[in-house]
Structure formats: C-alpha cells, structure tokens
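Step one of this worksheet: look at the structure below.
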Amino acid sequence: MRSYKLLRLLYGLHLSIFTYILFSIFYVSVLFVELDYKVFLMCILSVYMFMYMGTKTIKKKKLILAVPMLISLVLTFLLYKNHWFLYYLPNLITLILLSYKDLENISPDYLKYNMKKEIFAMLCAGIILVFLNESYTSYILRFYIFYFIIGIWMLRSSRRFQYRINSRKSMVHDVILMVSILLLSMDFFYKTLVKGVKLIYEAMTYVFEKALYLFLYLIKGGIDWIFYKVNLSSKELNAEAMKDNSKDFEFKETLIQSHPFIALVVKILFLLFIIFIIYKAFKNFRISRLPHIEGVEEQREKILKEEIKKRRTFKIKDFIKNLTSPKEPRAKVFYYFKKMQIYGAQKSVYRIYMTASQFMKILKAKGNLAEMDAKAISDIYNKAKYSSHEINEDQGYFIEESYKNIKKNYKDE
C-alpha cells in the first residue's frame, strides 16, 4: 500500500511538471508573462489535495475536485490580485486533466502510453525555448530534466508495485529523492548546487593543470637528457641543450596558454578516463550484489548488436506467421488473444496499456462472457506469457472458441 501511495505522489508531481512546462513556455512566448515558482507549488498542493481526498469516503464526489479548485483559487487571488486568472489557469487545467486520469490502474504500460504523448508535446513546445532569453530558458530546462528523472523513477516504482517488490530501504531512498528534486526545483537550492559544482570543477581543473604541467616537465626533461647523452661529444649541441634547460619553466608555463585546444582535449580525455573508472567500479559493485538462488547466479540479459539488427526481420516473419492460425497451443493462445485485442480496439474498448484482466472485465460486459470464462482467458494468457508451464491443446482451443464467441455475441451500445 505504501508503494502505491508513493506511485500516486510521483504521478501527481510528474503531471504538475508537465503542465507547468507547457504553460510557462506558452505564457512567456505569447503573453510575455513569466510563471514564477509559486504557481508550481500551488499546482502541486492542489494535486496532492485532490489525491488525498480521493482516498477518503466522501458522499458527494464532486467535492473531491471542487475543494482543491476553490482553495487554489483563493490562494491565487491573494497572491496575484488583479491578474489572478492568468496564474490560476495552469492549476485549473492540471486538476481537470488529473480528474480524467485512471488513478486506480496505474500500470507501467498505462504510464508509458501517457508519457509518449506528453514528451511529444514537450518537444514541440521546446522549439520555442531557442527564442527565449537565456536565463528563463535555463529555468525551464531544469524542469525538463526533473520531468524525465521522475518519469524513469515512476516507471521503476510501477514495476515494483506490479510485481509486489517492496523494501523499507527502497522506500527511504524514494522519499529522499523526491524531497531532493523538490528542493532543487527552488532557485536558492539550485543556484547553491550550481555554485558548489563550479567550485569542485575549478578545483579539479587547477589540480589537473598542475598535474599536466608536471607531466610535460618530466617528459621534456627526459627528452633533454637523452638529447644530451646522444650528443655528448658535441660541445656546441651540449651548450645548446644547457640553454634549453634554463628555459624549461618558461616553456611549461606558456604551453597551456599558447595551445588551449590541446589542453582542452587532454582535459576531456582525463575526464572520460575518470568517468570510465567510476562506471567500472559501480558495475562491479552491482554484479557482486546479485543474489544467488539455489546455487544459480542471476545475470542480466545482454542485448547483442546482431539481435537488434535482426528485429526488423523477426517482425516480418511474425507478420507472415500471423496470417494463419498456429497449431502449437502456446502460440495459438497468443494468436487469438491478439485478435481479441485488435477486435477490442476496433470497438474502442481496448487500450494498449490495459492488462489482460482489465480487458476481460470490459469484454465480460460487452461480449456475454461468463465470470469464469473471463477469468479463465486472462489466467491462460498470463500463464502462457509469464511462465514456462506447459499450455495444452484444450487451453489453446478454449481461447480460440472464446474469441469466436466474443465476436458473435458482442453488444454495441
């Protein structure tokens, strides 16, 4: 239950960021009005109030939406006086959008389905950012980053909730991460973090330049020594070498300034080297933490490049296979269940994010399916898809006949 509550909180925060980004870009580009941080905070407050009231038993359901709307309206009026409606509109639209969302069935597929549409809208709006002033563009881009971070985090949380993977440690990490993101969305904490990163970068640059200076000094000193030994018999060359040695420090001090491009390339290579070491350290740490079940070590699947290249070929083969009904029971289950989904989509009752159980509940009402038959179809499909248990011919035949009965008895209302 705690993981589900966290998932709802993430979903509300994610939607608030999405609407805030779109309205911020629209306002500043069309109305020349900048939405400040208070609008975002009020949006989050009203969204969480809406979600909290939705979990309570309230006789008049309209109050669940009306109360957050009214409270945010009063706050907006107190803060912005005559221009209150401009600043209230993002809040209002966010609540209306949230009221149309299916908060009871937040599955990974449902989230991905919504995120694809939202990302497309954000990318289209993002084109306008190129024409805005630099400071406001930087401010909005911060929320773009938060949107994607929370989106990935939300998808992972929905997977954990779906497969009942809960732990106290992960919950603590989630709460810390959420608080950190909210703090970093504030100007004071964000600018403090940027200053801290700049100080660390300047310190690392200083240390790196000194290390580079020492490295070049040693290299040139070694070359001079070899040059001196090889030309020991030549007094003129030895004298020239001694003169060069007297100019060593002058050479080292001006090399980086006179060749800034070389210095930049070396810095980038050094930074990539550090990142590579950190990556290897974390990768090895993760592998050492993999659990052992009955003596068998769990290993992550590796997607080979050859497999990625063959995906298009596999899709063509699958298309050809699907032209005729397969004979193998498991394949037959997938084949006819896919036909049910296509038929449901044609009748506007199936959505891509629906699970088998959700889809069967709708077909039970529309297709004259008995309760036991609807449950049997979803159970057989889930068994075929998510387990290695054997699917017998009777089960494959049952799915085939169920599909035919659904088409025959479907009621258009």
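Positions of Cβ are set from backbone N, Cα and C atoms, glycine also.
According to TrEMBL, the transmembrane segment annotation covers 12-33, 39-55, 62-80, 115-133, 139-155, 175-193, 199-219, 261-282.
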Spatial neighbours of the transmembrane segment (139-155) far in sequence, C-beta under 8 Å, 6+ residues away: 7, 10-11, 13-14, 17-18, 20-21, 24-25, 108, 111-112, 115, 122, 126, 129, 132, 174, 177, 181, 184-185, 190
Same-chain residue ranges lying at least 6 outside the transmembrane segment (62-80) that approach it to Cβ under 8 Å: 38, 42-43, 45-47, 49-50, 53-54, 86-88, 91-92, 95, 99
Touch test for the transmembrane segment (12-33) and the transmembrane segment (115-133), at least 3 Cβ pairs under 8 Å: yes
Cβ-Cβ under 8 Å with the transmembrane segment (115-133): same-chain residues at least 6 beyond its ends: 18, 21-22, 25-26, 28-29, 140-141, 144, 147, 151
